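A quick write-up on the structure given underneath.
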Amino acid sequence: MAFSHFTLMVTIFFAFLVGGFAQLSPTFYDETCPNLTSIVRGVIEDALLTDARITGSLIRLHFHDCFVIGCDASILLDNTATIESEKEAAPNNNSARGYNVVDNIKSAVENVCPGLVSCADILAIAAEQSVCLSGGPSWAVPLGRRDSLIANRTLANEALPGFLETLDQLKSKFSDQNLDTTDLVALSGETLTLSFSLSLSLSLSPSFN
């Protein structure tokens with residue numbers, strides 16, 4: 001697998017998808033939660049023991065979060081009297097996964113650094129650590145995002161790429177986000193390939209039961 005595509009994915013996220021980039025900083029939690037990245041990594045490592053696909057799924061969660069409203073964790077919001085969850089949008093429903101691992105990360109972080117770290121930042125760190133744990137590069141994650149109080153299922157249905165869409169339709173959706181065909185391959189192709197290759201590797205592994 002060409003992990004250079006992950007490097008491109010990093011550029012995409014931080015050059016465009018991350019709102020308010022100039023106000024974010026990799027050192028945002030250095031004083032208040034210095035072990036944040038290692039906490040996130042530890043939970044993902046534990047999840048990998050029973051779910052070989054989880055790294056690809058966490059990358060995809062961050063991708064789908066950023067495509068709707070911005071990288072603000074709106075994809076994590078459940079249905080309420082005033083919220084139509086993005087989880088039930090067609091590109092996410094019965095497809096996006098890893099929410100339980102994000103919940104576990106949030107709980108682990110709250111145990112050490114209560115009330116400090118946003119879910120949006122957790123998703124961003126989880127995506128970066130998932131790339132690292134899959135053999136890809138590391139990078140300094142800009143932090144300091146605020147969590148959204150609203151979701152937008154309509155926009156999720158309209159903006160997110162779907163499995164059954166043609167190449168022209170996919171290119172159009174990425175173009176609407178000022179992203180090109182190379183970006184499409186990096187974000188869509190690599191997350192799908194990672195999930196498939198890890199699942200295939202697990203299925204072909206010899207059983208010792």
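Each residue, glycine too, has its Cβ placed from N, Cα and C.
Nobody curates TrEMBL annotations by hand; they come from automatic prediction.
Look at TrEMBL and you will find 23-189 tagged as domain 'Plant heme peroxidase family profile'.
The disulfide bond feature in TrEMBL is assigned to Cys33-Cys113 (among others). The number of other CB atoms found within 10 A of the CB of Cys113 (disulfide bond), across every protein chain shown, is 16.
According to TrEMBL, the feature active site, proton acceptor maps to His64.
The Cβ of Val68 (Ca(2+) binding site) lies under 8 Å from the Cβ of Ser74, Ile75, Glu86, Ala151, Asn152, Leu155, Ala156, Ala159, Leu160, each of these being in the same chain and 6 or more residues away along the sequence. Annotation source TrEMBL lists Ca(2+) binding site at Asp65, Val68, Gly70, Asp72, Ser74, Glu86.
Sequence annotations record features per position, and here TrEMBL assigns disulfide bond to Cys66-Cys71 (among others). Around the Cβ of Cys66 (disulfide bond), the number of neighbouring Cβ atoms within 10 Å comes to 25.
Taken from TrEMBL, the feature substrate binding site covers Pro161. All protein chains considered, the CB of Pro161 (substrate binding site) has 18 other CB atoms within 10 Å.
Within 10 Å of the C-beta of Glu86 (Ca(2+) binding site) we count 29 further C-beta atoms, all protein chains included.
Reported as a whole number, the C-alpha separation between Asp72 (Ca(2+) binding site) and Cys66 (disulfide bond) equals 7 Å.
The Cβ neighbour count for His64 (active site, proton acceptor), using a 10 Å radius over every protein chain in view, is 25. Take the Cα of Cys66 (disulfide bond) and measure to each of the recorded positions Cys33, Cys113, Pro161: the nearest one is Pro161. For Cys33 (disulfide bond), the same-chain residues 6+ apart in sequence whose C-beta sits under 8 angstroms from its C-beta are Val109, Val112, Cys113, Leu116, Val117.
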